[in-house]
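A.B. asks: One structure is given below, represented as C-alpha cells, and several questions about it will come after.
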Amino acid sequence: MGSLYSEYLNPNKVQEHYNYTKEVLSTEDPPSRQVASALIIILCCAIVVENLLVLIAVARNSKFHSAMYLFLGNLAASDLLAGVAFIANTSLSGSITLTLTPVQWFAREGSAFITLSASVFSLLAIAIERHVAIAKVKLYGSDKSCRMLLLIAASWLISLTLGGLPILGWNCLGNLEACSTVLPLYAKHYVLCVVTIFSVILLAIVALYVRIYCVVRSSQADVTGPQTLALLKTVTIVLGVFIVCWLPAFSILLLDYACPVRSCPILYKAQYFFAFATLNSLLNPVIYTWRSRDLRREVLRPLQCWRRAAGVQGRRGGTPGRRLLPLRSSSSLERGTHMPTSPTILEGNTMV
C-alpha cells in the first residue's frame, strides 16, 4: 500500500498510463480541440451564472425558505460546483494532462465526479421527497426538516465517497491491464461500479415518477383537471432530459469496460459525451425553477436592477431611461393561501 501511494507524486506516471491506453499522444492541442474546449468553458460559465442566480434568489427571499426550494437550492449548488469543476477539468486537459502527477490527475477527475454525482443524487433526493409529499398530500412541517437535511447530507456524503474512492486506492496504478481507456488511471471495475450506481439511480427516479404519475391520475381531490396535465408534462420533461443527457455518458463508460485496450476508437472522443451530460446541469434550473413564476421573477430581479441602474445613468447623461415597475409577488405563500406540498401545480405559479 505504501508503494502505491508513493506513485502519486511521480510526474511520469500519468504519461505511462496514457501511452498504454491511447493510440496517439500529442504535446500540442489541435485547433479543433481548442475550439471545443472554449465552447465547453462557455457552456460551464453559463451553468455557473444560471445556478448562481437561482441560489441568490432562494437565499435572499424568505418565502423560498420552504422544503421544495431548499432542495432546489441544493440542486443549484451542486450544478454550480459541477460547472466550476468542469471548467477546471477542461482547462487542465489536453496537452496539460501529461504534465500532471497522479494526485493532481485524481483531484481533477475526482472533483468533476463528485459534483456531477451530487447533481444526480440531488435529483434523486427531490424525487424521493416529492413522492412522499404527493403520496401523503400534506404540507411540509417543521418535523420534516430532519428528513430534508438527512437527504441533502446523504447525497453529498455518497458523492464525496464515490468520487474519492480512486485517490483512496481504488485505481490501476501498478496494474496497467486493469486500466480504463477513457480514464487511464481509473480501474475498469471502478468505472463499472459508477455506471451501475448511476443506472440504479436512473431506474429509481423513473420508478418514483411513475408512482407519482399513478397517484396523480387516480387522485380525485387534491390534484385534478389541468393540474394533472401540467404535472405529467413536467415529469415527462424531467425524465426525458435526464435520460437524453446521461445515457450517452453511461453507454460510453459501459463500452469502456467491455472493450480491450485500443480496440474502440470512439472511446478517445469520450470528453464530448461528458460535456453533453453537463447540459443536465444547465437545464435543471430551467426544468425545476423556471416553471415557477415567482422564482422566475426573483431570478430576473438582479437583471431588472441592472437595467434600472442603466436607466438612471442614461437619464443623467441626457438619455431618457425606461421606468421599471416593482416586481409584485403572486406567491400563495405570502397570501396565506392553503398550498399543497412541493409537487403541485398552481394557476399562474407552476411548480412541480
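Using N, Cα and C of the backbone, Cβ positions are placed for all residues, glycine too.
Quick paste of what TrEMBL says about this protein:
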type	residues	note
TRANSMEM	35-57	transmembrane segment
DOMAIN	50-288	domain 'G-protein coupled receptors family 1 profile'
TRANSMEM	69-90	transmembrane segment
TRANSMEM	110-128	transmembrane segment
TRANSMEM	149-169	transmembrane segment
DISULFID	CYS172-CYS179	disulfide bond
TRANSMEM	189-210	transmembrane segment
TRANSMEM	230-250	transmembrane segment
DISULFID	CYS259-CYS264	disulfide bond
TRANSMEM	270-290	transmembrane segment
A.B. asks: Should anything in the same chain at least six residues away from the transmembrane segment (149-169) have a Cβ under 8 Å from its Cβ atoms, list it; otherwise answer none.
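C.D. replies: Cβ under 8 Å, 6 or more out: 1, 4-5, 8, 70-71, 74, 78, 103, 106-107, 109-115, 117-118, 121-122, 124-125, 128-129, 185-187, 190, 194, 197.
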A.B. asks: Grab the pLDDT values for the domain 'G-protein coupled receptors family 1 profile' (50-288) and give me their mean, rounded.
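C.D. replies: The average pLDDT of the model in the domain 'G-protein coupled receptors family 1 profile' (50-288) works out to 83.
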A.B. asks: For CYS172 (disulfide bond), list the number of other Cβ atoms lying within 10 Å of its Cβ atom.
C.D. replies: 22
A.B. asks: Identify which of the disulfide-bonded residues CYS179, CYS259 has its Cβ surrounded by the largest number of other Cβ atoms within 10 Å, counting every protein chain shown.
C.D. replies: CYS179
A.B. asks: So what's near the transmembrane segment (110-128) in sequence-distant terms, Cβ-Cβ under 8 Å and 6+ beyond its ends?
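C.D. replies: Residues 71-72, 74-75, 78-79, 81-82, 84-86, 88-89, 151-152, 154-156, 158-160, 162-164, 166-167, 194, 198, 201, 204-205, 208-209, 242, 246, 274, 277-278, 280-281, 284, 288.
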A.B. asks: List the Cα distance (Å, whole number) between CYS172 (disulfide bond) and CYS264 (disulfide bond).
C.D. replies: 20
A.B. asks: Which number gives the other C-beta atoms within 10 angstroms of the C-beta of CYS264 (disulfide bond), all protein chains shown included?
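C.D. replies: Cβ-Cβ neighbours of CYS264 (disulfide bond) within 10 Å number 15.
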A.B. asks: Reported as an integer number of Å, what is the Cα distance between CYS259 (disulfide bond) and CYS179 (disulfide bond)?
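C.D. replies: For CYS259 (disulfide bond) versus CYS179 (disulfide bond), the Cα atoms are 11 Å apart.
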A.B. asks: Take the C-alpha atoms of CYS179 (disulfide bond) and CYS264 (disulfide bond) and report the distance between them in angstrom, rounded.
C.D. replies: 14
